[in-house]
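Per TrEMBL, transmembrane segment is recorded for 87-105, 117-137, 144-167, 192-212, 233-256, 262-282, 379-400, 420-443, 464-481, 507-533, 545-566, 593-612.
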Amino acid sequence: MGTREIKSPEGLPETPVSFDGILDSSQRKKLNVYFIESDNRRMALGRGYTGGTTPVNVHGKPIADLSKTGGWIAAIFIFGNEMAERMAYFGLSVNMVAFMFYVMHKPFSSSSTAVNNFLGISQVSSVLGGFLADAYLGRYWTIAIFTTIYLGGLTGITLCATMNIFVPNQDQCDQISLLLGKCEPAKSWQMVYLYAVLYITGFGAAGIRPCVSSFGADQFDERSKDYKTHLDRFFNFFYLSVTIGAIVAFTLVVYIQMKHGWGSAFGSLAIAMGISNILFFVGTPLYRHRLPGGSPLTRVAQVLVAAFRKRNASFSSGEYIGLYEVPGKRSAIKGSGKIAHTDDFRCLDKAALQLKEDGAADPSPWRLCTVTQVEEVKILIKLIPIPACTIMLNVVLTEYLTLSVQQAYTLNTHMGRLKLPVTCMPVFPGLSIFLILSLYYSIFVPMSRRITGHPHGASQLQRVGIGLAVSIISVAWAGIFERYRRNYAIEHGYEVSFLSPMPNLSAFWLLIQYCLIGIAEVFCIVGLLEFLYEEAPDAMKSIGSAYAALAGGLGCFIASILNSIIKSTTGNAEKRQPSWLSQNINTGRFDHLYWLLAVLSVINFCVFLYYARRYKYRTQQKIETTENKQNTPSMEAK
């Protein structure tokens, strides 16, 4: 086996690097000066390497005629699966709190905590789904397996609401008994069963959340000149399908619950999920697939171990040969193209540092990694701050799902002669999202294009920033209105009757905060999903999408933790001082919580601005790399 050393000209600007103390300029060696290209390379799991991101069919074989697969027709089948999943997700998030309170006789506080944990599990577990998809199963089979688990969980919940054996005795349990906590509590095994099927349902989302958006985006040809436009529209339509699922959950499912009971409501979610599963499998011949690239965690671990082993090696040492990469245009990582070297996180470059002691024959990936493998880890690290800054938005969304329902119980929900159920109120953010997405390309994009000059109106990070800014306005308004609502209730004698609606105070004042948070969600989450898909490494697209779901899950858990801290620190049973989150909303101080969220959101927004201004898109880095090469003489091989 032969190796060849490719040397860049000495005219390139030097990059100041010092790992073994401060070096003078004559001793420095630039990381992109030398490249060793090997004709042989042993990868983890012995997978060798493929031609980058070439799409294949469900059997893993190249697609002969791409025109017969993929595109918008294939994406429609995928939209249906996500629509049903979100319909179930939002249907459970709203109705389960009421089900636990009215049927299982659990307090509002513990019911909302259990639902928050369900929401958190369904999103945090997405990391597992993303890992399995990128490493072993591929996105299609991951969706197929986990969507079946999801259906099983929904079936179990339906049985719980249908069969009397799974719920406590409902005799002599009127509204007064509920308020006083006198109704027969659920038995321990009944709650264990309910929690088990609820969390199984949440776990089923693990393989859907990180894969559906990425699998849908895989259906478009990245070599097409309209690829960027298709991708931008895809993520907007994808979130539109999410919104439609939420609207159906907040209206039709609530109507079914009121007319036909809890069993029929939860059963409708299971039926919708079953139908979407069938449609997803029907579309199988149309799908384009990306081969899994082997365990991304293994590749990350290899980079960290190799960099640690060579932590004392110096780039100015005579033992230093160059940075390791396989020859040609193809990457050693299955399903991935090559990634150009960058100057970020220079300490990780030691994992690709080729020393004489490494030898030239079949180097171990635990001691020597390719530049592309190292750059994968760098990208994953650079992406973290952006989705992390959306955790605060997810905290606000979680609080709205539970707290605003309690607010609505005290308000007049009549719309003319029509009385809307309290659990229908969260439909209004969905309606605002639907409206914004419908008008996005006809109004927002042309207007913002004149201001920013961006072809899509705003960059991905700009859209995330707009969403975070609007969420601050939303939660600030929520604090203002809640203060007014509470004072009104006390002044008009409703302090004790916290489940009695006040006829002269309309629940539609909540629409302002609902619509604002809907706008925030459109800009932030859609921009984030598109950002993560485009910026994530080729063989880690599902892991990238899982970042967004992980941020959502952490938001749910943080909301639960925040609520627990507030309950324990602001209430005093001995002094009969209620906490901010008292079950009686009229004696509690929900307005203080909203103002706390507003302050935290402002701090979070400032942190986002710091990282967003420092971030360089991968396309921007490629342009800079190309310009540097064009400004230097051609490389000389020796």
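Including glycine, each Cβ sits where the backbone N, Cα and C put it.
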Given a Cβ distance threshold of under 8 angstroms, which distant residues of the chain, six or more beyond its ends, lie next to the transmembrane segment (117-137)?
89, 92-93, 96, 145-146, 198-199, 201-211, 214, 292-298, 398, 401, 539-546, 549-557, 560
Counting Cβ pairs under 8 Å that sit 6 or more residues apart, are there three or more between the transmembrane segment (507-533) and the transmembrane segment (464-481)?
yes
Ranking 87-105, 262-282, 464-481 by the number of C-beta pairs under 8 Å to the transmembrane segment (144-167), which range is first?
262-282
Return yes if the transmembrane segment (262-282) and the transmembrane segment (87-105) have at least 3 CB pairs under 8 Å (sequence gap of 6 or more), otherwise no.
yes
Tertiary contacts of the transmembrane segment (192-212), defined by C-beta under 8 angstroms and 6+ residue spacing from its ends, are 78, 81-82, 85, 88-89, 92, 96, 100, 104, 114, 117-123, 125-130, 132-133, 139, 142-143, 145-154, 156-157, 159-160, 166, 186, 238, 542-543, 545-546, 549
Are there 3 or more C-beta pairs under 8 Å linking the transmembrane segment (420-443) with the transmembrane segment (233-256), counting only pairs at least 6 apart in sequence?
yes
Is it true that the transmembrane segment (420-443) and the transmembrane segment (87-105) have 3 or more Cβ pairs under 8 Å, skipping pairs fewer than 6 apart in sequence?
yes
Stretch in 87-105, 379-400, 464-481 most in contact with the transmembrane segment (593-612), if contact is a CB pair under 8 A:
464-481
Cβ under 8 Å, sequence separation of at least 6 from the ends of the transmembrane segment (464-481): give me the contacting residues as numbers and ranges.
386, 389-390, 392-393, 396, 400, 404, 458, 509-510, 512-513, 516-517, 519-525, 527-528, 531, 591-592, 594-595, 597-598, 601-602, 604-605, 608-609, 612
